[in-house]
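Colleague: Below are the structure tokens for one structure; questions will follow.
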Amino acid sequence: MAQSPPPAVVTVTGAAGSIGYASLFRIAAGEMLGPDTPIRLRLLEIPSAVSAAEGTAMELDDSAFPLLRDIEVHDDPKRGFDGTDVALLIGSRPRSKGMERGDLLAANGQIFTVQGRALNQVAADGVRVLVVGNPANTNALVAANNAPDIPAERFTALTRLDHNRAIAQLARHSGAAVKDIRRVAIWGNHSSTQYPDIFHARVGDRSGAEFAADREWLTGDFIPTVANRGSAIIEARGASSAASAANAAIDHVHDWVLGTPDDDWTSVALPSTGAYGVPEGLVSSFPVRSVDGSWQIVDGLEIDDFSRKLIDASVGELESERDAVRGMGFI
């Protein structure tokens, strides 16, 4: 009988929140790391939310997942991240009414400085980190800069939700099935400045460029619908995307660990290598493939003037966020 692999330690911050709740049961069921990998869950919360996280842990116990070896609940990052193989950093300070952008960056800069340092001290050698909490790109930048012993490319931010949204919108417009759409790309920030790119996509046996040629639809419908989808969901349901964000986080880690299909790629925000003119070190979204457990930016894509302008605008926003947190001493 084949021996099962050693258990993977998975830490989820903001575990009592709605995205955490929507993620944890699917992780415990094996949807993120595959059907053969046992899971040890670490739920990390702020002290005031520990009781709620303990309630979630009780529900996880009651689900009797065969892969779930144990669950711990912590409010101390050093204990919550001890030996972690995969860290989903979902918890962050949300923007409250009247809050200035600088205040938001400062509040989250403190959170992700602490978490980056704790990961640096106690996480497993091969730790993979996914930042979901917004502003995700810059929070990932702060965490990575405070974890100098962990390779920077192990810190990523979630743009798979935007990627999935783009696939869904292109499927709706083209009449194709979601499964037949490949090679969509998200560039830049996980914000309304992001650029969902279909010029290199495949829609069944058709080129995404065919659909991009309809500039009225592209600029008046597709791009703004994808870029502003989060706001539209808040407006409609009175709460932010939770299940779809959890789904995207699971997709992201699944593909990171288990690989992307040979004929497709996905979108991930990760520290730039200088590719496509994005300043080195800036955490920006790119089209990527997962090869042997590591992300590789897809190279050689032709970027026309239309795309270049949109990529540069989003990168400019990321540079201003980076400069702000640098000025605050977080990086």
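Backbone N, Cα and C define each Cβ position, glycine as well.
As listed in Swiss-Prot for this protein:
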- GLY14, ALA15, ALA16, GLY17, SER18, ILE19, GLY20, ASN108, GLN115, VAL132, GLY133, ASN134: NAD(+) binding site (BINDING)
- ARG95, ARG101, ASN134, ARG165: substrate binding site (BINDING)
- HIS190: active site, proton acceptor (ACT_SITE)
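How about a rundown of where these features are and what they're close to?
Modeller: In the three-state DSSP reading, GLY14 (NAD(+) binding site) counts as coil.
With a 10 A radius on its CB, ARG101 (substrate binding site) counts 12 other CB atoms from all the protein chains.
In the three-state DSSP assignment, the secondary structure recorded for HIS190 (active site, proton acceptor) is coil.
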Colleague: Using C-alpha positions only, work out which of the binding-site residues ARG95, ASN134, ARG165 is nearest to GLY14 (NAD(+) binding site).
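Modeller: For GLY14 (NAD(+) binding site), the spatially nearest of the binding-site residues is ASN134.
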Colleague: Specify the nearest of the binding-site residues ALA16, GLY20, GLN115 to ARG165 (substrate binding site), where nearness means the distance between Cα atoms.
Modeller: GLY20
Colleague: Quick one: of GLY20, GLY133, which of the binding-site residues has the smallest count of other CB atoms within 10 A?
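Modeller: The binding-site residues GLY20, GLY133 were compared, and GLY133 has the fewest Cβ atoms within 10 Å.
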Colleague: Please find, for ARG95, ARG101, ASN134, ARG165 as listed binding substrate, the greatest distance between any two Cα atoms, in Å.
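Modeller: Greatest Cα separation within the listed binding residues comes to 25 Å.
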Colleague: Work out how many Å separate SER18 (NAD(+) binding site) and ARG101 (substrate binding site) at their Cα atoms, rounded off.
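Modeller: Taking the Cα atoms only, SER18 (NAD(+) binding site) lies 23 Å from ARG101 (substrate binding site).
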